[in-house]
Amino acid sequence: MGLLCSRNRRYNDADAEENAQAAEIERRIELETKAEKHIQKLLLLGAGESGKSTIFKQIKLLFQTGFDEAELKSYLPVIHANVFQTIKLLHDGSKELAQNDVDSSKYVISDENKDIGEKLSEIGSKLDYPYLTTELAKEIETLWEDAAIQETYARGNELQVPGCAHYFMENLQRLSDANYVPTKEDVLYARVRTTGVVEIQFSPVGENKRSGEVYRLFDVGGQRNERRKWIHLFEGVSAVIFCAAISEYDQTLFEDENKNRMTETKELFEWILKQPCFEKTSFMLFLNKFDIFEKKILKVPLNVCEWFKDYQPVSTGKQEIEHAYEFVKKKFEELYFQSTAPERVDRVFKVYRTTALDQKLIKKTFKLVDESLRRRNLFEAGLL
């Protein structure tokens with residue numbers, strides 16, 4: 001009898017423990033669900049090369065702990081790959097221009113640098129790039145300074161030369177040092193194509209301040225073959241941050257050299273605006289790469305882009321830059337309202353001028369985004 005009572009007590013104790021564990025699990029699930037409700041999801045979208053991944057890295061630097069030494073070191077092979085890819089593009093581009101351009105002679109690499117060029121082009125063709133040694137860096141620097149390569153670089157928009165080219169070419173000796181550890185700035189310039197989805201959680205005014213919202217930002221692969229993978233993220237998103245590289249009005253796609261990048265951006269923005277799951281979603285449009293745009297607009301007419309063919313310059317210098325920017329901004333605003341159902345025109349839509357590499361500007365922009373979304377939440381709660 002005593003044995004039976006003891007056994008029953010053990011069973012009862014086990015049941016009580018299981019019940020307590022189950023209750024604790026349910027409590028934690030409930031708490032996590034409540035916590036999730038206070039986290040606003042932001043979807044960072046844009047065509048390839050729009051600068052959105054640089055903005056994503058800026059958020060990590062600005063509103064999180066940044067990159068630790070291990071993370072910085074993980075970018076070393078990426079940066080070295082960017083260097084080899086860039087010099088190959090410039091070398092091969094100069095050969096192509098030397099064969100096909102009317103003014104072909106200025107694209108002919110000097111005899112003393114031809115062997116170096118062929119060697120570096122071969123390295124750039126490999127899947128596994130070597131470590132950037134001091135010797136290789138000197139050879140790359142020699143080729144970079146060749147007049148033909150500089151002429152080719154001036155036409156980089158036609159050759160898919162990445163925006164990081166000049167920065168890395170001017171820092172070759174530092175990048176090839178045996179003890180080199182990438183800096184935060186190096187990481188911002190590093191170009192690695194986003195595939196799939198990466199996310200980060202942050203608050204523009206700090207996690208410990210009650211007035212600030214907590215956001216979960218998703219960066220999604222921008223190239224065409226990645227877009228259909230976005231669909232599972234669409235539902236419940238508070239806002240879409242759409243990046244448009246306004247400097248790329250005269251460039252073609254990495255994936256399709258017959259397609260203008262600005263035309264692709266226009267079509268993508270229009271497609272996203274019309275998605276049913278975004279009917280109540282706020283839209284934050286980042287007109288990005290303004291730093292490049294303001295230099296290019298003085299050399300390359302805006303109306304070379306089919307979408308901007310009706311643009312007429314009215315001035316020169318700074319006035320022309322502002323006039324061109326306002327024209328582009330108006331085009332996107334018109335597209336937004338044309339692609340938005342009449343009953344949805346009251347959803348939040350803001351346009352920001354951005355330069356992804358400008359940390360102060362990105363910090364200011366995200367605080368403005370935070371303010372807009374908090375005001376919307378207060379309005380929907382009937383508090384405004």
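Placement of Cβ uses the backbone N, Cα and C atoms for every residue, glycine included.
Swiss-Prot lists region 'G1 motif' at one of the ranges 41-54, 83-96, 195-208, namely 41-54. Annotated range for region 'G5 motif' in Swiss-Prot, selecting from 66-71, 174-179, 354-359: 354-359.
Range with Swiss-Prot annotation region 'G3 motif', chosen from 15-24, 125-134, 215-224, is 215-224.
Here Swiss-Prot gives region 'G4 motif' for one range in the set 164-171, 284-291: that range is 284-291. Among the ranges 186-194, 267-275, 303-311, the stretch that Swiss-Prot annotates as region 'G2 motif' is 186-194. Shown for the region 'G4 motif' (284-291): DSSP residue counts in helix, strand and coil, namely 2 helix, 5 strand, 1 coil.
For the binding-site residues S53, T194, the ranking by surrounding Cβ atoms (within 10 Å, all protein chains) places S53 first. In this structure, the binding-site residues under consideration are E49, D291, and the one with the smallest number of other Cβ atoms within 10 Å of its Cβ is D291. Around N288 (GTP binding site), the same-chain residues at least 6 positions away in sequence with a Cβ under 8 Å from its Cβ are G46, S50, G51, K52, I55, C243, A244, A245, I246, T354, T355, A356.
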